[in-house]
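What follows is a short report on a single structure.
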Amino acid sequence: MVSKKEATMNSKLRKYLTIAALGLAGGSIYFLPYIKFVFYDAQIASMGITNVQSGILMTMYTVVNMILYIPGGILADKLSAKKSLIISLVATSLLAYLYAFTMKNFVLSMIIYLGLSLSTAFVFWSSLMKAIRLVGTEEEQGFLYGVYYACNGLTNSLTNAFALKFFNTAGGNLETGFFRAVVSGGSVAVLAAVMLAVLMKDGKGAEDTSSAQSDDDKFKFADVGKVLKNPVVWIASFVIFCGDGIYTSVSYFNPYLTEVIGITPSDSSFISVIRMGLLLLAPVGGLLADKVFKSTCKWLTTAFAIVALLFVSVMLLPSTLNPAVASVYTLIPSAVAMMLYGVIFSVMSEAGIPRALTGTAIGIASIIGYAPDSLYSLIFGGMLDKFGGQGYNYIFTFLIISCVIGGVLAQAVRRLGLRGAEKKEA
C-alpha cells in the first residue's frame, strides 16, 4: 500500500515530468516553421526558391498565427488541453513528413505552412500555456513557468542538434541532408505527444471536478466579452509585450559586440550561444517570484528595474575596456532578461484571470505580447541603418524606457488584481 508521503512524492514527480513533456512539446513543434533559422541555405537550395519566397512562407505563417490566437484561445478554454496538444503535435509531424516529400512544390509548401499555423498556433499555444498553469497551484506559477521555459529552450536546442546530426549524414548533399533533417526533427513532436498521453491528466483543470463546471464547458461568446472588457487583461498583455521585447532584443548584443566592441564574428557567435543558454536560468526567476517576492508582478518590477540599470551601464562602458570583459559583461543583462521572460505569462494568475478563461486571455495577450518579434526588428534595423554604431545607444535607450513602462504596468496589474480579489471576498 502506497503511503501518503510516497503518493505526494509521486504526484510531484509526475508534475515536473509533465512540465518537462510540455517543454518538449513547445520546443519541438516549432522546428519546421522556424527551420530557416538553422537550415536557411539548405532550405532554399532544396526547395529551389528565392530569398523573397522564403520570406513569404514565414510572413504568411506569422500573420495567420496572429489571426488565429484569439479564436484558438476561446476553443482552448472549451476543449481538453491534453487532447488539443496531442492532436496538434501529431498533425505537425504529419505536415513535416508531407513537406519533406513535396518541398519542391512551392504552392503546396505554402498550403503546408498555413496548416502549420493551424497545428502550432490555433489551439496549441493557448492550450500549452493553460496546461502549464493547471499543472500546479497558484502559489507556484512563477517557478513552473520558469521550469517550462528552461525545458523549452533545452529541448529546442536538442531538437535542432538531432536534426543537424542527420543533416550531416548526407556527406555534404544539401537536398538529402535537408530531407533527413526535416523528417528527423519533425518526428520529435510525436515523442512529445506520447509523453503527454502518458503523463498529462485529462480535462481542463481542477475546476472540472465541480458539477457546476459542466455548464461552462459549452461554447459561449460571453466568455470573450468578459475577457475583452477586463482592463487587467490588456495591461497584463502589455507587460508581456515589454518582457518579450527585452528578451527578443538581447540578440542585438551580437552585432553590438562586433561593430562597437570589436570582437570577431566567431567570438560574438560563441557569446550568443552562451546567451541563449541562459534561458536555463528561467526557473531561478520563478523561484524569486514565488519564494522571495511572493508575487510575479513584484519580481517583474524589480527585474525590469535591474535590466534598465544594466542597459545604462552598458552605454557607459569605457572604450578602453578589454573586449573580452565587455563581452562577458553583456551576459549579465541577458541573464536577468531570461529570468524575467520565463515568468511573464504567470502574470495572468496574479491578474485574477479565472482559470476557465486562461486560454482566451492568453490568445489576446499573445497578439499584443509577441508583437516585438516583428516590430522591434524593423525599428532597430532602421536605427542601425541611419545612425550606425551610435544606433545601439538609441536601441538601449528605447529598451530602458520599455523597462520603465513594463515595471509600472506590472505594479498596476498587481494592484488591480488585489482590488478584484478584495471585491470577490466582499
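Cβ atoms are placed via backbone N, Cα and C, with glycine included.
TrEMBL: automatically predicted annotations, no manual curation.
These come from TrEMBL:
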- 1-414: domain 'Major facilitator superfamily (MFS) profile' (DOMAIN)
- 16-35: transmembrane segment (TRANSMEM)
- 55-76: transmembrane segment (TRANSMEM)
- 83-100: transmembrane segment (TRANSMEM)
- 106-125: transmembrane segment (TRANSMEM)
- 146-166: transmembrane segment (TRANSMEM)
- 178-199: transmembrane segment (TRANSMEM)
- 232-250: transmembrane segment (TRANSMEM)
- 270-288: transmembrane segment (TRANSMEM)
- 300-318: transmembrane segment (TRANSMEM)
- 324-344: transmembrane segment (TRANSMEM)
- 356-372: transmembrane segment (TRANSMEM)
- 392-413: transmembrane segment (TRANSMEM)
Worksheet entry | Annotated stretches the transmembrane segment (356-372) and the transmembrane segment (232-250) touching (3 or more Cβ pairs under 8 Å) | yes
Fill in: Contact call for the transmembrane segment (83-100) and the transmembrane segment (16-35): at least 3 Cβ pairs under 8 Å, seq gap 6+
yes
Discussion item. Suppose I define contact as three or more CB-CB distances under 8 A, residues 6 or more apart in sequence; do the transmembrane segment (300-318) and the transmembrane segment (106-125) meet it?
Written reply: no
Worksheet item: Residues of the same chain, at least six outside the transmembrane segment (106-125), with any C-beta under 8 angstroms of its C-beta?
Response: 29-30, 32-33, 47, 49, 53, 56-57, 60-61, 64-65, 68-69, 71-72, 75-76, 79, 84-85, 88-89, 91-92, 95, 98-99, 359, 362-363, 366
